[in-house]
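Undergrad: Pulled these from TrEMBL:
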DOMAIN    19-489  domain 'Major facilitator superfamily (MFS) profile'
REGION    231-252  region 'Disordered'
TRANSMEM  12-30  transmembrane segment
TRANSMEM  78-99  transmembrane segment
TRANSMEM  111-130  transmembrane segment
TRANSMEM  150-168  transmembrane segment
TRANSMEM  175-199  transmembrane segment
TRANSMEM  205-226  transmembrane segment
TRANSMEM  294-315  transmembrane segment
TRANSMEM  335-352  transmembrane segment
TRANSMEM  359-376  transmembrane segment
TRANSMEM  388-412  transmembrane segment
TRANSMEM  462-479  transmembrane segment
Amino acid sequence: MPPSCCASLSQYTHHHLVVFLLTFFSYVLLHASRKTFSNVKVSISAQWTPFILNDSSPDFSPGETWQDNRLFEDEKQATLFLGILDSIFLFSYAVGLYLSGMIGDRVNLRYVLCFGLCGSAAVEFVFGTLTEWLHIYNIYLYSSLWVLNGLLQSAVWPCVVAVMGNWFGKAGRGFVFGLWSACASVGNILGAFLASSVLKYGYEYAFLVTSVVQFAGGVVVFFGLLTSPKESETGLSPIETDTDSHKPLMSDEEDEVEVEKYSRRGQSVEQPVEPPAESPQAIGFLKAFCLPGVLPYSLAYACLKLVNYSFFFWLPFYLSNNYKWKEAQADRLSVWYDVGGIIGGTFQGLISDFMGKRAPVLVVSLMLAIGALVGYSRSPNDQVINGVLLAITGLFIGGPSNIISSAISADLGRQDALRGSKEALATVTGIVDGTGSIGAAAGQVKMKKKSNWRIKQNEFGSMRACFIVFITPLLVRELRAMWTERRARQRQL
């Protein structure tokens, strides 16, 4: 069993707390602005269609301007284009993740992170606010801006995970990263409340508020973030100097390591850790892709992120159209899915720390998600019941998604094969999240019409099955390692 969370937390300083909060809130602000687009889809669809074909149009703009503003003949065409924009964003985001991960391992993480935050904020301001103020409606402009937005936003996640990996070691990583990975869900909640609070003035003000806050956050991060303990004037040493900090929770030699650990109990000898003679070199893309565990977890995450992002992009739209609830009400109700994800990621990370294994926790959670999705698909027209079912669904789907994208990515980026090349965490994180985004983008191609939502329940089931198939080899290896560890412990009694 790994060290207790209390013991691991005792070694952290206020520098660790500052890093935790800055990276946490930088991604909170990014996801808040990203969530804005899904929260205002009904308003955008109404603005892009003639008012005689859209009952909600008089609430958003004067009737006489509708024929000039419309981009599409009817709401179905507008919804189709909104789905295309989702796919455009995710595909460009996926490509950007593969590139930004490698850049993050070669350039100062703070520069890359702040460039992504501030650049994305500027693009979203132009997309949602400036075009509406200037009455510029052009599908090619929207598409180009959303491609650029996806590329810029992709620079953030690999960098914040790499910074966290530099400051927080293996001990308690599941709990720390599980709690920290709630940043995406908190950002969704913040984005939903910000958008719903100003939506009555027009969707352009929702984009204005979130983009300005995000830009300000990027400036704060630029001047306040230390990307590693080496940058601290107090001379803090990295947590990764622990003897087993580079050993991931999945390893080809795990059985032998566990047996050796128990056979040497009481005989450990501390040896001084000598600093490397020179700075470690960044790992190559293909080498990172071939690291143990990277490919199966990447493919599994592609299946899981497809389901997770279907809720992310379309849940408010589905609630508003299926139950005829007001858009602001649907935005607020959708946050319960993220609340479940926060709770799930934190507790599942804690459980995986105590077990010393990640895969069994993920598989059990996805098995329980089957019942959660079936239950939610039969939710009545009651906001309380719907919110409870959403929280349960987020617990078993959003939780595992948070663990893979954060704690497991850090595990994969700190393997034995990387002892001579620590600069691989951003690259590995980019590969895992990039592959996941490709899966999510493929899912959005079919998720363009609200009538498809219930049909997607079958596809969600297929994706869960594929997730389990991809992760089964790792599950078998970890269960075998747990059995070997148990036998070795019994021999010591």
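The backbone N, Cα and C atoms fix where each Cβ goes, and this holds for glycine too.
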Undergrad: Return yes if the transmembrane segment (335-352) and the transmembrane segment (205-226) have at least 3 CB pairs under 8 Å (sequence gap of 6 or more), otherwise no.
TA: no
Undergrad: Count the CB pairs under 8 A between the transmembrane segment (12-30) and each of 111-130, 294-315, 388-412, then give me the winner.
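TA: Comparing 111-130, 294-315, 388-412: 111-130 has the most Cβ pairs near the transmembrane segment (12-30).
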Undergrad: Might you confirm whether the transmembrane segment (205-226) is in contact with the transmembrane segment (388-412), defined here as three or more C-beta pairs under 8 A between residues 6 or more apart in sequence?
TA: no
Undergrad: Would the transmembrane segment (205-226) count as touching the transmembrane segment (294-315), if touching means at least three Cβ pairs under 8 Å and pairs must be 6 or more apart in sequence?
TA: no
Undergrad: Taking residues 6+ outside the transmembrane segment (78-99), which of them lie with a CB under 8 Å of any CB in it?
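TA: Answer is 37, 41, 44-45, 48-49, 71-72, 139, 142-143, 146-155, 157-158, 285, 309, 313, 317, 430-431, 433-438, 440-441, 444-445, 447-450.
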Undergrad: Should anything in the same chain at least six residues away from the transmembrane segment (359-376) have a Cβ under 8 Å from its Cβ atoms, list it; otherwise answer none.
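TA: Those are 250, 300, 304, 344, 348, 351-352, 386, 389-390, 392-393, 395-397, 399-400, 403-404, 457, 460-461, 464, 467-468, 471, 474-475, 478-479, 482, in sequence order.
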Undergrad: What is the average pLDDT across the domain 'Major facilitator superfamily (MFS) profile' (19-489)?
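TA: Averaged over the domain 'Major facilitator superfamily (MFS) profile' (19-489), per-residue pLDDT gives 79.
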